[in-house]
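Feature list (source: TrEMBL):
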type     : residues : note
COMPBIAS : 205-214  : compositional bias 'Low complexity'
COMPBIAS : 216-225  : compositional bias 'Basic and acidic residues'
DOMAIN   : 316-354  : domain 'Zinc finger Sec23/Sec24-type'
DOMAIN   : 394-642  : domain 'Sec23/Sec24 trunk'
DOMAIN   : 648-732  : domain 'Sec23/Sec24 beta-sandwich'
DOMAIN   : 744-843  : domain 'Sec23/Sec24 helical'
DOMAIN   : 872-945  : domain 'Gelsolin-like'
REGION   : 1-90     : region 'Disordered'
REGION   : 193-225  : region 'Disordered'
Amino acid sequence: MSEFSMYHALGSPVGSPGLNGPPNPRKKEAAKFRPPVATSPGGYQQIGSPTYGAPPNQYIGTPLSGIPATPAQEQGYFPAQPAPPAANEAEVAGLAQQMGGMGLGLEASGYPRAHKKKDRHAYHNIEGPGGSSQAFNGMPQGDMGTPTQFLNQNTPQLGGTPQWGSPQVTPAMSQFPAGVGNQSFTPANAATPMQHAARSGTPLGGAAASSSAGRVDPEHIPSVPRSRDIPAKYYLDHVYPTMEQHLPPPAAVPFVAFDQGNSSPKFARLTLNNIPSSSDALASTALPLGLILQPLAPQQEGEQPIPVLDFGETGPPRCRRCRAYINPFMTFRSGGSKFVCNMCTFPNDVPGEYFSPTDPSGVRVDRQQRPELSMGTVEFMVPKEYWAKEPVGLRWLFLIDVSAEAVNRGFLDGFCEGIISSLYGSTDKQPDQPDAAATRNLPVGAKVGIVTFDKEIHFYNLSAGLDQAQMMVMPDIEDPFVPLSEGLFVDPEESKAVITSLLTQLPSMFREVKNPEPALLPTLNAAVSALTATGGKIVCSLAALPTWGPGALFMRDNGSMHASDAEKKLLTTEHPGYRKIATKMVESGIGADFFMAAPSGGYLDIATIGHVSAVTGGETFYYPNFHSPRDTLKLSKEIKHTVTRETGYQALMKVRCSNGLQVSEYHGNFYHHTFGADLEFGVIDADKAIGVMFSYDGKLDPKLDAHFQSALLYTTANGERRVRCHNTVASVTEGAAECMKFVDQDAVVNIIAKEAAARMAEKPLKDIRGALTEKTVDILAGYRKNFTGNNPPGQLVLPENLKEFSMCILGLIKSRSFKGGKEPTDRRVHDMRMIKAMGCLELSLYLYPRILSLHNLDEKDGFPNENGYLRMPDATRASYSQVEEGGVYIVDNGQMCLLWIHAQVSPNLLEDLFGEGNTTLKQLDAFQSTLPVLETHLNAQVRNILQYLEDARGSKALTLQLARQNLDGAEYEFARLLFEDRNNEAQSYVDWLVHVHRHIQLELAGQRKKEDSGDGLAHSASNFVGLRTPYWGSSS
Ligand SMILES: [Zn+2]
């Protein structure tokens, strides 16, 4: 145990001034996560609000079976109703199937949550405590003394300690997290019953989800909402220390990470935090070995800022052999004159200027003052040799579609408004105050330019001295050039008057013109000419298929090619013009985001246009049924997010790993010249993630750890050339049993999803769905074969850390990319590229939405608790069987947020939520995208909850879309998102588990025919190295 304290002394938080300095009361405060709370209307008193203090059953839904309905109370939201039929277990079991095929037009009455309480029970522990602590091996003696055990020692998984409970604490540890106000590591702080209930599984014990008769009880299958809610509460007042706990919180949960030398899981998540030493052992688990990297991921209040280190002209110290950057796992010897690389073990000479003596135990005496030796994530300023061109502040070039459709449908208005808001809107969350005092949204040095296009291209001189912007028309779209030498790119603050006046006038200016056909490719070519010298970011709007001039596109998807080979072609592009411009952009350090609207639901060939954003590291925002003004707020917020999120450009990325492993594949949106070369990005932003798969090129030494380092070389938005390094460490063990304790479900799902998305251009969708099924069976059967003990053979046993894995894969099979049935190819390809770039948080929500019932909120929900943390209600499972009569639900999948309202909703509830006079569903404005600000308790609760959801998501803005039962088309989207039901041409969750279970049993009995279960997927192709997943079959 003493080794642990030694590690502390080596560098981390105790005592290093500044960054992770000594305990300090202010810091302690800051470390707590405080979700922002929506402001209350003037004079609003929480205690005095109309419904505060009302009986707690105030908003409770339909009474449980057998109990007569409570008469409606004065303020009750539920009219008296006859008690619904008693729902016994069998009915509930059948319900999932019944409801799966529900007809939305029916007046479906709600069912009570017959067994909701049971959800809260812990799953049975099948087995006793697992193995012993795994040694942390990697610190060579010179630095660390004897190998220590700190890495896994306190992983709450071990020995039956609950996953989210307080870890056992050694004396050495108690000194450690003091600096961040971590309450969880004081010895006296025992785990609460809630924490125990959270995940009481033992490491090797799986959760039994079915009886030996093979029947699956829908109330006992693993619940995604539960797997989020409990950790979310735990992490409200606990920090995640990155070296002590080695299984990150679920990705959908907000948490404060404390960097102890290993990067925060927000930046890097390994699928396995304990890696088997051989490829065979890994293969027995069927799990992928991979890393999900989100190098510019946003941080949360309370987290340490990433240190920016400047080593001057020499640049950061690097290994001479493998070029790895200096990091906390490199060790010093020979009195400090050599450092040994943790990737390749090469002993390097320490450069004279970096020399520091070591203490008797081999530790550099200056370690505590050196963030690069104590933190997993750091950023290095780099000298000229790392430059491709002189770095300057980021140039933003807005390309605005002013063709007829954009004008007619209000898309042009919305886009211009969004740009104004992104440049000049206040940065806090008050969308109502676009004219708040000058806040600089772009960093100093960043510049903006504006180009409009229809069948001509118009450039604007935005020089600050002008009364108004000067337009230069470029009629020659065959060979466009940039007609301006000055004034195209300006400082947005200096030219604020010119820019706002132009953007305000554009809609009316082009209302007179109305050219129907936009010429996109020539505009992109012109934009690239304008940005070639510097690099930069293009933000382009488009409201119609670009059918004019060079690069004109045509209607490729006429809806008749469903499930054919021709459909596959529609998911990609062979257009030489767009492919060429994409490559050219990357070479010049340019990337593009597209905002594409099909106001009349038309085809836009996102496969071709979005190719440009996918290759350059950008993003496509797609509004398939854009309706102004309903969608204007979402558009505006998303433009603002695009412009204000952390963005770098002209980026190169390299991932290094320990000897014995090698990178086998990359997944994401980037340009990859040749395998082995660095990944190239025109631009990269906070929301983008990359999946990296590894294979073995030898056997790992279980006495050493496995190390991973990603290095992103990029230019920041304010014009500095930097390298951001993320360092990740995993322990290594001989067999695979140990590694099952450290599986990161979110990372596994993410990498499988990215790989599936990458295969869309090669394989029929049916084969991809089959392969996903295969993979699920392989992983669960592998676990069953290798790691569970004496469960009855007929029992479905799920690994503790992969309990919700099956549901996530079912969500993936039901996603717009992969689902069976008809789906416009624009939507398929859009979602496919999005999946390739999604971080773990965004993907988790996408695969299983957050559903919150609003009609039965506790009066304290949606308000800060005594510690200032917003109290969130528990989420509801995504099944119609959970929907209550008269209920109101928020359904948020990170992309859209529905407010579904049952037809028999209480008029009182509607008035409390939407204001006086709104007593029936029909009175509500179908196009409202926000809630009004009212002085009712319920309204404040819901606005606070929405604020919380808005802060815990990826790149898409949160605005409301009403889905009133039997009234709104959005109700179909509601039904689609109930992923536990039978829908999207796929099974219900229960039936899916039964299906998977049957194939696991066949596999265990040696009777599984992969061809059958995998939709004819060929398994002949094991020509992949390592984990190049034979389940995908052969590929090109
Ligand atoms: Zn090296």
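Including glycine, each Cβ sits where the backbone N, Cα and C put it.
On a predicted model such as this, the values are computed, not experimentally measured, just so you know.
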When counting Cβ pairs under 8 Å to the domain 'Gelsolin-like' (872-945), the leader among 316-354, 394-642, 648-732, 744-843: 394-642
Secondary structure tally of the domain 'Zinc finger Sec23/Sec24-type' (316-354) (DSSP, helix then strand then coil): 6 helix, 11 strand, 22 coil
Model confidence over the domain 'Sec23/Sec24 trunk' (394-642), averaged pLDDT: 91
Counts by DSSP class (helix H/G/I, strand E/B, coil) across the domain 'Sec23/Sec24 helical' (744-843): 66 helix, 2 strand, 32 coil
Secondary structure content of the compositional bias 'Basic and acidic residues' (216-225), with strand meaning DSSP E or B: 2 helix, 1 strand, 7 coil
